[in-house]
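Right, one structure below, let's go through it.
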Amino acid sequence: MSIRIGYKASAEQFGPRDLVEYAVRAEELGLDSVTVSDHFLPWRHEGGHAPFALAWMAAVGERTNRVLIGTSVLTPTFRYNPAVIAQAFATMGLLYPGRIMLGVGTGEALNEIAVSGREWPEFKERFARLREAVDLIRDLWTKEGVSSDGPFYPTVDASIYDRPETPVKVYVAAGGPLVAKYAGRAGDGFIATSGKGMELYTEKLLPAVKEGAEKAGKTFEDVDRMLEVKVSYDRDPEAALENTRFWAPLSLTPEQKHSVDSATEMERLADELPIEQVAKRWIVASDPEQAVKQFRPYLEAGFNHFVVHGPGHDQERFLTQFTEDVVPLLRKLG
């Protein structure tokens, strides 16, 4: 099995110009993909960022020649109309053929309530919206005069006039087996995040992806299994640990984050966590073999595409050290 290794551009932590340069550097260093988070509000108020992901993708496309570029992830169901997302990604698919992917998820309150003022719906509605949105996006990429009477996104004779011959690939992010099964059935790829206990991946998520793929007449290998790996690698052990602190919000439970609708409140809750709890979500390593040892269980579970998210503020340092020390060892596993 061939391993792909990518870079996660953290739009919650850096401004757009810096993020473009990091993506360019990732390609120069031999990585295979760059993905970007799509936030309207960041995880933190102080020092936080939230540039527009789609503008960033186009800028990266102009500055690179090879890497796959995509969202990890975008919610096409609340502050966006999925028809507009279909148009945007069709355009990028023409500009950068074969290099664009659309990673989607059911969303979180932090990014959607601020622009709607509505109550955050329960999972059942969010998942229904996602399925309808993906169906509509794909219809608009492959058909003309699309009329839909769906409950959330009705269209009347809608057409996208500029679209690539080969539609953009859709990756579905999932944290539970229901959406993972949908990712296997309807997605070209599946996205998960690391650090949540191996049983989740081996007993729930990946088996569900396989089941969904088989129900759609595909094989497990037909679905790109992408894992966003939270890895704080630095040759200095103290720096490797301390670099995780900015990302303390990731260690909050889903229940703690469910209805949080401001970066200030998210930051307050996160800063109450001890560094030891914050670091639990991360592979914290200063030795290459130690880092690879913690990647190996994910590879053995069935993931084939690792997108690394380094938490520190010095991303040039992270990219250089990680690609020099760890990437060659990871490539040997594939």
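Positions of Cβ are set from backbone N, Cα and C atoms, glycine also.
Keep in mind the model is a prediction, meaning the values are calculated, not measured.
According to DSSP, V179 (coenzyme F420-(gamma-Glu)n binding site) sits within a helical segment. Per Swiss-Prot, coenzyme F420-(gamma-Glu)n binding site is recorded for D38, T75, T106, G107, N111, G175, G176, L178, V179, and the stated evidence type is sequence analysis.
Using a 10 Å radius centred on the Cβ of H39 (active site, proton donor) and all shown protein chains, the other Cβ atoms total 22. Here Swiss-Prot flags H39 as active site, proton donor.
Secondary structure at E108 (active site, proton acceptor), taken from DSSP and collapsed to helix, strand or coil, is coil. Cβ neighbours within 10 Å of E108 (active site, proton acceptor), excluding its own Cβ and spanning all shown chains: 19. If you look up Swiss-Prot, you'll see E108 marked as active site, proton acceptor.
The feature substrate binding site is assigned by Swiss-Prot to T193, K196, K257, R281. Around T193 (substrate binding site), a 10 Å sphere centred on its CB holds 20 further CB atoms from the protein chains shown. In the three-state DSSP reading, T193 (substrate binding site) counts as strand.
All protein chains considered, the CB of N111 (coenzyme F420-(gamma-Glu)n binding site) has 20 other CB atoms within 10 Å.
Nearest by CA distance to K257 (substrate binding site), out of the recorded positions H39, N111, G176, is N111.
Of all the Cβ atoms in the protein chains shown, 18 others lie within 10 Å of the Cβ of K257 (substrate binding site). Neighbouring residues of the recorded substrate site, listed in sequence order and excluding T193, K196, K257, R281, comprise G175, G195, K230, L250, S251 (Cβ within 8 Å of the Cβ centroid). Under DSSP, K257 (substrate binding site) is assigned to a helix (H, G or I) in the three-state scheme. Around the Cβ of K196 (substrate binding site), the same chain contributes G175, each under 8 angstroms and 6 or more positions distant in sequence.
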